[in-house]
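Participant: So TrEMBL lists the following for this protein:
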type     : residues : note
COMPBIAS : 1-14     : compositional bias 'Polar residues'
DOMAIN   : 628-683  : domain 'DEP'
REGION   : 1-23     : region 'Disordered'
TRANSMEM : 31-49    : transmembrane segment
TRANSMEM : 61-81    : transmembrane segment
TRANSMEM : 125-143  : transmembrane segment
TRANSMEM : 155-177  : transmembrane segment
TRANSMEM : 233-254  : transmembrane segment
TRANSMEM : 266-287  : transmembrane segment
TRANSMEM : 307-325  : transmembrane segment
TRANSMEM : 337-360  : transmembrane segment
TRANSMEM : 372-393  : transmembrane segment
TRANSMEM : 405-425  : transmembrane segment
TRANSMEM : 431-451  : transmembrane segment
TRANSMEM : 507-529  : transmembrane segment
């Protein structure tokens with residue numbers, strides 16, 4: 001742990017020489033506006049999808065426009081205008097080798113550990129996930145903000161490197177998926193021929209690949225110029241790509257994290273680690289090796305930094321389309337795309353800032369590291385105070401494994417207090433105070449790596465026994481006196497099962513993330529021990545360790561700081577009541593008329609068919625039955641008969657039926673939800 005004992009030796013070579021004084025080559029001050037622009041548009045798309053302003057069917061249309069018209073036009077235009085004479089080919093081959101290395105590493109590892117029934121398809125999809133970047137929608141604006149004034153020629157590398165995945169690596173992944181597809185249901189003869197034909201057809205049908213090939217051919221035929229009659233047409237399509245692609249990316253994120261389950265957590269974390277950590281390090285390392293001839297020039301350093309940033313670009317949303325096509329690991333891919341996209345933002349910003357640090361003096365670096373430690377500790381301390389308060393007010397600290405979690409929170413809080421105290425104590429001549437502060441700091445910090453192990457072991461043992469995780473110590477079983485007792489108990493069991501899965505997933509995620517932090521600290525110590533000149537990447541690792549160690553409270557807050565029953569549900573109810581009150585004042589009559597028309601239409605034309613399709617007689621007591629249906633069944637039925645265009649629209653339709661008195665929950669305790677809750681039509685009578 002070198003984050004506290006920072007001194008000039010960390011930031012210079014061990015022989016005492018100072019780092020080179022070279023001015024930075026990037027416009028770092030423009031990175032934050034570019035990130036805000038990109039993620040602001042993504043947020044707009046997410047809000048539009050979450051509020052059902054743009055249904056899922058319309059989102060698919062926007063996605064088709066982006067992938068089949070706007071992006072191919074953008075690629076064609078830039079491939080025609082690409083100046084191959086300015087290309088530094090070692091950079092291109094560095095990215096190629098890095099992508100191929102990560103692709104085959106993920107592929108081989110998946111083939112070794114995955115089950116036989118799906119290992120080939122998992123290997124293909126996971127390898128594509130780890131290597132296909134969102135180069136154009138998200139990567140290009142960042143590169144433009146960084147290098148537009150210093151190295152504008154770097155922008156063209158985006159168009160040169162992107163086809164590597166589309167034309168070389170993705171077909172290999174498709175081939176593995178097709179092999180799995182044939183192994184599960186096709187005859188042995190013709191397998192190789194059909195697999196090869198299917199893969200080639202997938203590649204040829206891709207308009208992006210097709211337009212890249214046509215663009216390269218046109219580059220030589222047209223003399224690196226676009227004819228005037230085509231120029232404005234291509235510009236119109238190409239210029240529409242940026243905002244539309246980011247907006248569509250936000251739309252595709254709606255509801256994806258709900259698909260995350262405990263069984264997908266480990267694969268998800270490993271994939272995100274390969275994409276956001278391993279890929280950028282290999283990209284930069286390959287530039288250092290293959291572009292060795294220009295080591296003395298500043299351009300070499302700039303290229304290696306650019307390669308690192310390129311590797312951080314998150315996974316493209318098109319990978320989710322591939323997963324859906326092969327009906328394989330859709331939960332992992334979609335959840336990973338969402339998490340990776342939002343994790344890439346701070347990584348890109350911090351990396352761009354850190355890559356300018358090696359040209360600074362050692363004293364400002366030590367001061368910067370201490371300021372980062374102090375600031376992140378204050379923010380984390382506030383988050384932990386909130387999280388502990390939520391844990392106490394919700395009385396979760398009595399439950400297992402939350403009893404281990406509250407101890408972890410206290411250890412993290414004391415570590416932040418120790419870091420803040422150390423900043424002040426280190427400047428004073430008080431030996432005893434420094435020893436006590438040091439003991440508090442490191443005792444608390446190392447205990448944060450012990451408590452997750454206890455919690456993880458307990459979660460695994462409890463999960464294997466199928467015991468609910470929210471069991472208290474003083475547990476009491478309460479009998480339900482309702483006539484719908486059995487159905488209510490079924491709902492409660494399903495709710496308990498979902499809560500168990502959510503809670504175990506949260507604890508496993510926290511444990512794995514803190515394990516990554518522990519490994520980073522171990523790597524930092526070994527790096528400094530065995531390297532004579534740690535180099536610039538060691539400095540970046542030091543900053544990562546500082547953020548990971550004293551920013552643990554932010555992770556805890558993200559997973560446990562927003563209690564559903566204590567915070568989210570009351571806030572949501574309050575917001576809904578305010579919205580409904582405002583809506584009734586403004587459009588009260590219109591809303592009532594819409595509910596009336598929906599109920600009348602449903603009762604007149606659709607109720608009988610709906611009853612036949614989804615309503616079933618179920619036992620609700622020892623001698624009583626009732627006819628009910630699940631909310632999730634009605635949502636699917638409304639979509640299947642064309643009364644709604646997507647899950648959000650179906651949920652709104654069902655809510656209008658409930659508000660109009662056509663349906664109701666069996667205990668009148670729930671609004672209409674797309675879950676395994678029991679509802680019935682109001683005119684059905686209980687039969688005994």
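Cβ atoms are placed via backbone N, Cα and C, with glycine included.
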Participant: Which value does the mean pLDDT take for the domain 'DEP' (628-683) in this predicted structure?
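Facilitator: On average, pLDDT over the domain 'DEP' (628-683) sits at 85.
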Participant: Hey, which bits of the same chain come close to the transmembrane segment (31-49), Cβ under 8 Å, at least six residues off its ends?
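Facilitator: Same-chain contacts beyond the ends: 56, 59, 138, 141-142, 144-146, 243, 246-254, 341-342, 345, 348-349, 352-353, 648.
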Participant: Taking contact to mean three or more C-beta pairs under 8 angstroms, with sequence separation of 6 or more, is the transmembrane segment (307-325) in contact with the transmembrane segment (372-393)?
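Facilitator: Taking Cβ pairs at least 6 residues apart, the transmembrane segment (372-393) and the transmembrane segment (307-325) are not in contact, as fewer than 3 fall under 8 Å.
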Participant: For the transmembrane segment (125-143), what are the same-chain contacts with Cβ under 8 Å, counting residues 6+ beyond its ends?
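Facilitator: Sequence-distant neighbours of the transmembrane segment (125-143): 31, 34-35, 37-38, 71, 74, 99, 102-104, 106-107, 110, 154-155, 158, 161-162, 165-166, 169-170, 172-173, 176-177, 241-242, 245-246, 249, 267, 271, 274-275, 279, 306, 309-310, 313-319, 322-323, 326, 328-329, 332-333, 336, 341, 344, 348.
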Participant: Quick check on the domain 'DEP' (628-683): DSSP residue counts for helix, strand, coil, in that order please.
Facilitator: 23 helix, 10 strand, 23 coil
Participant: Give the one range among 61-81, 155-177, 372-393, 507-529 whose Cβ atoms make the most pairs under 8 Å with those of the transmembrane segment (266-287).
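Facilitator: Looking only at 61-81, 155-177, 372-393, 507-529, the most contacts with the transmembrane segment (266-287) come from 507-529.
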Participant: May I ask for the residues of the chain that lie six or more residues beyond the transmembrane segment (155-177) and have a Cβ under 8 Å from a Cβ within it?
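Facilitator: Sequence-distant neighbours of the transmembrane segment (155-177): 75, 78-79, 82-83, 86-87, 91-92, 95-96, 99-100, 103, 107, 120-121, 123-125, 127-128, 131-133, 135-136, 139-140, 143-144, 147-148, 195-196, 198-200, 202-203, 206, 208-209, 212, 306, 310, 322, 326, 328.
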